């Protein structure tokens, strides 16, 4: 099924109707309720003891509420071309005179994805009168190794009281991740390559009075400071020559849904398709036409509720917590062949405790139209908003086999 390219104009599941008793007792969680929940002055909110940026939840709420006006002129078209939004809270930062040094762990950024936009969002308290600063961006997995990505100059003023400062770092990340080069342009200043301790020593020797170095061990930054500095990356997965396994299953169980296993599924499907064509040719030559069209049983869409808490995903999925994926139902005796194409929907269905009758689908009564759903969740230590295709059955119908 073709991938829906318009990320912003997604169709989301409507409020669950006829909610089963097992789910009625649970309190529904909405993006708005999380936004109104307890938070600290650092702009982060808690979920199961883990913190996520306010911006990510606000972005998710704007999308599902279709509030296009709340998106910036840069983010609006970018969302339509993206299927993944990753956020990286700064691991630490230091300010030495007019030099700011920001550290992020960008290990999970994949070069196989097409980078659409990278934004640096700084939401810090007022610094009084405006002054120019040089901002340097580093990638670091730990405090021992630091990789310089690029730098730029900007003016920091009291405007930070009312809003966040947003910088477009797309070219910085693109040049280094794709080309392996640091960006050197007029609006970006090349760093001198000095170690942080050298900068501190230089500032001390000059008797700078405005040096503010936050340390933990050597480079500590309080939660307040770091969590108000985030890097947001918009990307889209590149199309593959071969069909991919379900995106959810591939992320959770890469060995189970490896390329070799996927190739076997594709080959099996091709054999099945070839056998069906041969069977059709035989039937055409040997079976006389029927005078009256055969009456088929009714193929209908029925509820199939998915509760992520019950299948063990509740600790890392922020929203939605539950939804109606639906399934197709009709009287039949033969289940679907295992060589049918795997989808996110079929993967979710395999995890539900359905009876044999509920799990079985007629080969002719199948989903003929699926819709996508966006999910907000943790992926390792990163907070991700990702669009998954083929998650909900929209229409059921008969298919000839």
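Even glycines carry a Cβ here, placed using N, Cα and C.
Per Swiss-Prot, the feature signal peptide maps to 1-18; the stated evidence is sequence analysis.
If you look up Swiss-Prot, you'll see 168 (among others) marked as N-linked glycosylation site, on the strength of sequence analysis.
In the three-state DSSP scheme, residue 365 (disulfide bond) falls into the strand class. What Swiss-Prot lists as disulfide bond is 299-365 (among others), and the listing cites similarity to another entry.
Per Swiss-Prot, disulfide bond is recorded for 328-396 (among others), and the stated evidence type is similarity to another entry. DSSP assigns residue 396 (disulfide bond) to a strand.
Feature annotation from Swiss-Prot assigns N-linked glycosylation site to 337 (among others).
Among the features that Swiss-Prot reports, N-linked glycosylation site is placed at 344 (among others).
Listed in sequence order, 299, 300, 301, 328, 329, 365, 366, 367, 368 are the same-chain residues six or more apart from residue 396 (disulfide bond) with CB atoms under 8 A from its CB. Spacing of residue 168 (N-linked glycosylation site) relative to residue 344 (N-linked glycosylation site) is 33 Å (Cα to Cα, whole number). DSSP assigns residue 299 (disulfide bond) to coil in the three-state reduction, outside any helix or strand. With respect to Cβ neighbours within 10 Å, the glycosylation sites 168, 344 differ, and 168 shows the lowest count.
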